[in-house]
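K.L.:
Have a look at this one.
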Amino acid sequence: MSSHSYSVRRYTPERGTMGKVFARDSLLWRLDWILLGSALVLSAVGTLLVYSATRGRTELNHGDRYYFLLRNVLNVGIGFALAVAVVAVGHRRLRGAVPVLYITSVVLLLAVLTPLGSTINGAHAWIVIGGGFSLQPSEFAKITIILGMAVLLATKVDAGDRKHPDHRTVMQALALSAVPMAVIMLMPDMGSVMVMVVIVLGILLASGASNRWVVGLIAAGGLGATLIWKLGVLDQYQIDRFAAFANPALDPSGVGYNTNQARIAIGSGGLLGKGLFHGSQTSGQFVPEQQTDFVFTVAGEELGFVGAGALILLIGVVLWRACRIARNAGDLYSTIVAAGIVAWFAFQAFENIGMTLGIMPVAGLPLPFVSYGGSSMFAVWIAVGLLQSIQVKKPVSA
Amino acid sequence: MTNIPETGRTPRVAIRLIALQILVVSLLATLGGRLWYLQIRNGQEYTEKASRNQVQEVITPAVRGSILDANGIPLADNENRLVVSADRTELLRQKDDGKSVLARLADVLDMKPQEVQDKVRLCDSKTPQPCWNGSPYQPIPITAEATTKQALAIVERRDDFPGITAEPTAVRRYAAPKGAGAAQVLGYLSPVSDEEIAEREKSGSPLQRSDQIGRSGLERTYDAQLRGTAGVNRHQVDNLGRVIGSAGNTPARPGSSLVTSIDARVQGLAERELDAAMKEARKQIDRNTGVPYKADSGAVVVMEARTGRVIAMASNPTYNPNAWVGGIKPKTYKWLTSQKSNFPLLNRAIQGQAAPGSIFKVVSTAAAINAGYPADGGYECSSSFNIGGQVFKNFESESFGGISLGRALEVSCDTVFYRLAYEQWQKDGGNNPKHPKDWFYRTAHQFGLGARTGVDLPSEVTGRIPDRKWKKDYYEANKEAWCDQAKSKDNDYATKVARENCAEGFKMRAGDSVNYSIGQGDTLVTPIQMARIYAAVSNGGTMYQPELGKAVISPDGHVKEIKPKVVGKLPISKETRDYMDEAFAGVATRGTAAWRFQGWPQNDITMHAKTGTAEVYGKQTTSWFASYTKDYAIVMTISQGGTGSGASAPAVRKIYNALYGVSEGGQIDPKKAWLPKPQTKLPTVNHDGTIKQIPAPDKLNNVEPPDTSANASGPLSPFALSPRNPEYRGDTRKPRRLS
């Protein structure tokens, strides 16, 4: 009977709202629940870790131990709502709005350089909105770069004109990504630039652009990094970060302090950790920026190898689902968007966790889903929305 | 997946996506591996680092042990003073970093706000004193001299003074019981230096920055025993140093107390008598120079003859050691180390060296007998002795004819010893020595001269025996200067000597040996060396290592006695000893000291003595007086003080009077005797760790000191005593117990 009613429903043109939602081919049914679940668990664990790191920091939480907990929950909620909105609109329909989104994000980035912008941790990358909220436009620029490049590179291919993007298109796409990167470099926020370079690399890979472009970009990246170093574009604090990375014992109370304390906190966690909210290094506030860039140290100390390893595994799950979505996407535009998101999440997570473990230099990058920070949280959830939209709109193949 | 007609993916894209996926997996695997490395492989190491991260140690200093006299009376102990301290951590929590609190505090303490501010700042290379060079977690003392009223003002207004405490704290005190200041013997404490901290870092008893360390005297020698072990409070702190919990405490262990052989009464008397004798000497006109004696410095040593223990050791000029407590003032320090005050920090009993004059004849007599001269032979005591035109006079040019060695000692005949020394010098080959026996020099070394006695006080000097080796070394060191001066056209005494020295300063000349035989010339001895020699003659020839420490008593009552240490024997036979013993008794009855010991009950208490008057080029004579009974040896010296019997003997007799209860007229009253026998008992320890003084209340407290000069007073320091130290009044205070 059930099979009968199923077939009936399937071909029934007028379905009720509930029917629409729960139908076999409905949007809900076709969502990637594993991706969504992993992202939600990561955000939930992140909320607890942020709370653990901030409940004693009276100088930050205005005397309210739940200040950061509640704000993080709010950020996740807003992020989730944004994701739902993206799915509702659909990534294909967003295609038309990409020029507007791109220009908006560049304008916002430029606004940071005006007196509207604020400096936090050495990077002039924020716009303080008021009421304790601030906006980091570079987080949204990551999305607009992905969308913008995907539109440029995929249009001709998806139209069937070409098998792969031609050189001219690739150059246009690179120029498109170069504008926001140049502005961010002026802030200077080298961490975000690094992520964007990797995103561009991921996108070029997925777009099917000629190998020469991929190799060329890697070479250009290396050359650029050397030039930046040699020409002294970097601020002293950035040079110090690299110096401390090369030799953490250099100055344990100064430059190397962060990395040293981060490693002590994580290393002392052992196999099972000291228990959530029982980390002595965390409650002693030895690790600076522990709720944002160094949030992984809380996991390392309080949850141990098992818990922190599970966290990495969860990120792995998100990336695995994202890769799967990229592979199964219906058109190149979708593939590029998903692959760009994979490159973004993968590199940012690797850099963030890597710096707390002392295998990457310190850069001010949040851990996706886990770190405290509104703009970052909104951006990653918008990305989740994009991935889900691609997943939902993919051709029915099974 | 097979039929995806509308997909834009080509095989190239598909392969690249798989490559991307592999890359992602390898990145995550890297993170996992590194996580394992940190948490599992090196987890232990980081756990240790983490625990070190969070614990700050606050040191509670141990109460320093007391230095007690032989009866248990504290010579150095601690008193509770109200110390006002500031806690930096608490101050920094205030909105203005505690500035207003410190300003209020300065007001209460009548100090300048800037002064208080400066005291709590941390020292670094750029910060001048005053500043705090201890741990920032340690309460920083602002003043150790708060009044009760000031302390109450602070304690009662807690809210106005966050982080400020006013607590009674143990502070060193040198109480000078019975006038026994004993400044140079006790020594003093001063803050540790960086080198000392570094040196002791790895040892079992590391030093803290805020520690005081014994710098001199007994405080230094017995520093390790007196110091105790500091307590440690371990606090868990966060990254800003805010205390978030306790991580265990180790209570402080107070230091042990040192029982010395010093008798406060005798010490006080010795100090007064020395001072009085010097003041008296300054009233006498020196016939050689025509001006009053300068009597610039002096020393007395009272030693137990049969143990080498020191009962009193006085050095003059002296000072008030309380000047060091709570940090010495720069002005005071400058004074103490200046020529003007004549260096009262020096302990002249062990650091003052001078030619011994005739008290050296104890060595010369022994040397002569060992060289084969019969003691009772007839030796010519002429008024002068002539060697190649150089005339060596007898003291005050007296002549006694042919006398025995014993009589030569009694009357202190120089010419007898001149002749013997000259003969020996000739036998040893004169100016061209061949296998010299050097009896006179060898014997001096055997008597322990020219070497440290090993007394348990720091910085003892060796003195000097001008033997052939020394002459040679001295010549090598000085020949250039001598020969330079020899070229001068002047013909004064110094130039003549320089010429002579330049030509043959490396030689042991006849005049050198002759001068040496009566303790003149380049010979230098310390009072402690001579006291030990005369004590050894008294006890039958045993030389002890002089000691002041008698026992170390730990806070739990464990007593560790410091036994007398035998270091050698005098190189004399029993017969020689007895012979000399009789001669020294003769000195007191019919010799050079007889006029000073008239009426002494010689039959009951046999007094032995030897006077000495040493000439020093360019200075007035040094007065020496060496003496002993069967129980004690007393040696006294006054630099530029006149003759031995004239300047020093009366003071020494007064000390004997007190020890044995002898009146001025020579009557013995056993009830008045302070110490007819050396103290062999040790003070006992109560269960609470306090020291119980040896019960002899009538003797300890009710004895009037024998007549001493009216102006005998305690400290001679030129700086007035602070009114906060009223206890430094000599013998009027009751002995304090340890607390």
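Glycine too: its Cβ is placed from the backbone N, Cα and C atoms.
According to TrEMBL, the transmembrane segment annotation covers A:33-54, A:66-88, A:100-120, A:193-209, A:214-232, A:303-320, A:332-350, A:370-387.
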K.L.:
Residue list, the transmembrane segment (A:303-320) vs rest of chain: Cβ under 8 Å, 6 or more residues beyond ends.
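P.N.:
Sequence-remote neighbours of the transmembrane segment (A:303-320) are 34-35, 38-39, 41-42, 45, 266, 269-274, 276, 296, 342, 345-346, 349, 353, 368-370.
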K.L.:
Should the transmembrane segment (A:370-387) and the transmembrane segment (A:66-88) be scored as in contact, given a threshold of at least 3 Cβ pairs under 8 Å and pairs 6 or more apart?
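P.N.:
In contact, yes.
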K.L.:
So which of A:33-54, A:193-209, A:214-232 has the most C-beta pairs under 8 Å when paired with the transmembrane segment (A:66-88)?
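P.N.:
By the under-8 Å Cβ criterion, the transmembrane segment (A:66-88) pairs most with A:33-54.
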K.L.:
The transmembrane segment (A:33-54): which same-chain residues, six or more beyond its ends, come within Cβ distance under 8 Å?
P.N.:
60-61, 65-69, 72-73, 76, 79, 276-277, 279, 282, 290-291, 295, 298-299, 302, 311, 314-315, 317-318, 321-322, 325, 367-372, 377, 380-381, 384, 387-388, 391
K.L.:
Would you kindly list the residues that approach the transmembrane segment (A:100-120) from elsewhere in its chain, counting only those six or more residues past its ends and only Cβ-Cβ distances under 8 Å?
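P.N.:
Long-range Cβ neighbours of the transmembrane segment (A:100-120): 94, 126-128, 134-135, 137-138, 140-141, 143-145, 147-148, 176, 179-180, 183-184, 186-187.
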K.L.:
Quick test of the contact rule: Cβ under 8 Å, at least six residues beyond the ends. What residues does that give for the transmembrane segment (A:332-350)?
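P.N.:
Residues 91-92, 95, 142, 145-147, 149-151, 153-155, 157-158, 194-195, 198-199, 201-203, 205-208, 315, 318-319, 322-323, 325-326, 360, 365-368, 380, 383, 386-387, 390, 393-394 contact the transmembrane segment (A:332-350) from elsewhere in the chain.
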